[in-house]
Amino acid sequence: WKKLYLAHHWPVTVCKMSGNDCQDPPEYWTIHGLWPDKTEECNRTWHFNVTEIKDLMSDMRRYWPDVLHSSLNRTQFWKHEWEKHGTCAATLQVLNSQKKYFGKALELYQHIDLNSCLLKAGIKPGSSYYQMTAIKEALTKFYGVTPKIQCLLPEEGEKAQTIGQIEFCFTKELQLRNCTAQKGESDPMQADWKLGTEELSVCSDTFPTYYPSQVQ
């Protein structure tokens, strides 16, 4: 693989997609995962062991919660992320254990600090619509690189797309880089997950963009 995606998702949109019993989703961007492009499930014998990340627990629950299943002792989501993506990322020495993989993802999340960047740019959840180009411009200006932004497409009768996920790309040296595929690179994985029939796709520049503040 050539690059890593640090995917942040917007819990309110995740809840909207799943239609299950999301309990009070956090009102800040949380981690979806740290994904190498192009590889999945690299070592099926390397099972997730929650005791290896016990020191990270309070940060994991806060910044990497399982949005769909709100009870605190659930580790299914982290297990999935480790087995599908972490075992592949582990070819890098800085990510070659569960503690390093989850710890480094938390560190990158804090470093990016997406929540405060959007607030500084005046982009807040609520009832007004945004232009996708304005969101992209604000992020590119702030970080100096182009992230990948994914939305839920408008449903029947809706005119706006709903922002759901923002991914930042890193080189193997963990330096920020553009998420756009360079020549000779394949476009990375499509949406990591589907919930019901709904899935995220790259946001359109033409639809107004809804950034919801609570589950409708």
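Every residue, even glycine, has its Cβ placed from backbone N, Cα and C.
Over in TrEMBL, the protein carries these features:
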- HIS32: active site (ACT_SITE)
- GLU81: active site (ACT_SITE)
- HIS85: active site (ACT_SITE)
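Remark: HIS85 (active site) has GLY33, LEU34, TRP35, PRO36, GLU40 as non-local neighbours, by Cβ distance under 8 Å and separation of at least 6 in sequence. If you take the Cα of HIS32 (active site) and the Cα of GLU81 (active site), they are about 8 angstrom apart, rounded to a whole number.
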